[in-house]
Amino acid sequence: MAFFNHLARRSFAQSAAMANAIKNVTVIGSGLMGSGIAQVAAQTGHNVTMVDIDPVAVEKAQKRIGASIARVAKKKFGEGDDAAKFMNESMSHLKTSTDAVASVESADLVVEAIVENLKVKKELFSKLDGAAPAHTIFASNTSSIPIAKIAEATSRLDRFGGLHFFNPVPVMKLLEVVRIPETSDGTYEAMKGWGKAMGKVTVECKDTPGFIVNRLLVPYMFEAVRLVERGEASPRDVDTAMKLGAGHPMGPFELMDYVGLDTGKFIIDGWHADYPDEEIFKPSPMLEKLVADGKLGVKSGEGFYSYKK
Ligand SMILES: CCCCCCCC(=O)CC(=O)SCCNC(=O)CCNC(=O)[C@H](O)C(C)(C)COP(=O)(O)OP(=O)(O)OC[C@H]1O[C@@H](n2cnc3c(N)ncnc32)[C@H](O)[C@@H]1OP(=O)(O)O
Ligand SMILES: NC(=O)C1=CN([C@@H]2O[C@H](COP(=O)(O)OP(=O)(O)OC[C@H]3O[C@@H](n4cnc5c(N)ncnc54)[C@H](O)[C@@H]3O)[C@@H](O)[C@H]2O)C=CC1
């Protein structure tokens, strides 16, 4: 038994040491998730550069982070000096940029949280592979795309993995840590250790569609839409039913609006293309129409529900 305790201690020490080596974090994508990941990394003392292709998105992200850090500070310290110190300290760790290549020059870890599109993700990682130091770990926050398919755009498969956070990142405790066959043990330990340094509870999962949560959640959400498409209930009643009947904090329609209907569409389109005979991966005409009409949920002011003030 002592031998196994020794191994466990060694592995924990190894992951802690590897995670300690992760100080400089570059987050590419400053949308719903990238801004949340950058915020938590800054709050936990990492030097963070948050990058976006769109300068307006960077500005919006800074506002979102400011508001969110204020909620976290209030929750941790109430009002007063300690809250202000926490906010200032966190923000002092955060830089922004629109130059992805320059932003990875001294990165220990790059976390990608850009649009859920394999081609765009591969183009980005291929570009960064030549610019980042040899030791830099690359990770994707993808909801649904196989990590192996993204990683093949680079020459650092042993330093590549998945770090799947949950929305809103400052609140949701879970982090799914995914390895591909080539991910080295050191990289995997470093990613898990960093997740813990970020205050998250990590779970391990194979590189399968949707990892754990989304493999269960996305089919559930699309079944909810199909139930409404069949005229069996309204979105509001489905949400009420799942909150009061299953104890969910949000019903499926509220949650789809919260996470973004465009992301939902990207996910189901990808899975339908890969698994055309899988009934539960079939796209939804109702969701297609909403996205085509630019109704993406909270982030566009309207989705299944309207959020216009
Ligand atoms: C079609 C398929 C699409 C699939 C897309 C893929 C998605 C993925 O890949 C993976 C995912 O993320 S799946 C989504 C996972 N997230 C959830 O399920 C969220 C469910 N909702 C909740 O937990 C609460 O409604 C929630 C926490 C959001 C809000 O809580 P409440 O309803 O109680 O409202 P509040 O009172 O405002 O908040 C409760 C406490 O949390 C703090 N808080 C909330 N939002 C925050 C934020 N953004 N930043 C910082 N703090 C925040 C808030 O401070 C409050 O704390 P107290 O002040 O102590 O009450
Ligand atoms: N929305 C959610 O609840 C969750 C989403 N995810 C995943 O996280 C990723 C991002 O999702 P969201 O934050 O919701 O999307 P979003 O649409 O809010 O943000 C995406 C950001 O990426 C930027 N971007 C696009 N192409 C870029 C490029 N080539 N270089 C730099 N920036 C670029 C866009 O300007 C935008 O600001 C996706 O892969 C998604 O599947 C993971 C967990 C939860």
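Each residue, glycine too, has its Cβ placed from N, Cα and C.
Features as listed in TrEMBL:
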{"type": "BINDING", "residues": "Gly29, Ser30, Gly31, Leu32, Met33, Gly34, Asp52, Glu116, Lys121, Ser143, Asn167, Lys299", "note": "NAD(+) binding site"}
{"type": "BINDING", "residues": "Ser68, Lys75, Ser143", "note": "CoA binding site"}
{"type": "DOMAIN", "residues": "24-208", "note": "domain '3-hydroxyacyl-CoA dehydrogenase NAD binding'"}
{"type": "DOMAIN", "residues": "210-307", "note": "domain '3-hydroxyacyl-CoA dehydrogenase C-terminal'"}
{"type": "SITE", "residues": "His164", "note": "site 'Important for catalytic activity'"}
Those binding-site residues of Gly29, Gly31, Lys75 having Cα within 10 angstroms of His164 (site 'Important for catalytic activity') | none
For the domain '3-hydroxyacyl-CoA dehydrogenase C-terminal' (210-307), DSSP counts of helix, strand and coil?
-> 65 helix, 3 strand, 30 coil
How would DSSP class His164 (site 'Important for catalytic activity') in three states?
-> strand
For the binding-site residues Gly29, Gly31, which one has its C-beta crowded by the most other C-beta atoms within 10 angstroms?
-> Gly29
Give me the Cα-Cα distance between Asp52 (NAD(+) binding site) and Ser143 (CoA binding site), rounded to a whole Å.
-> 19
Determine the C-alpha span of the NAD(+) site listed in the record, that is the greatest distance between any two of Gly29, Ser30, Gly31, Leu32, Met33, Gly34, Asp52, Glu116, Lys121, Ser143, Asn167, Lys299, in Å to the nearest whole number.
-> 21
How many Å lie between the Cα of Gly29 (NAD(+) binding site) and the Cα of Ser143 (CoA binding site)?
-> 14
Reading the DSSP string in three states, the entry for Ser68 (CoA binding site) is helix
With an 8 Å cut-off on Cβ-Cβ distance and a minimum sequence separation of at least 6, pull the same-chain contacts of Met33 (NAD(+) binding site), or say none.
-> Ala113, Asn141, Phe165, Asn167, Val169
Check the binding-site residues Ser143, Asn167 for other C-beta atoms within 10 angstroms of each C-beta and report the one with the most.
-> Ser143
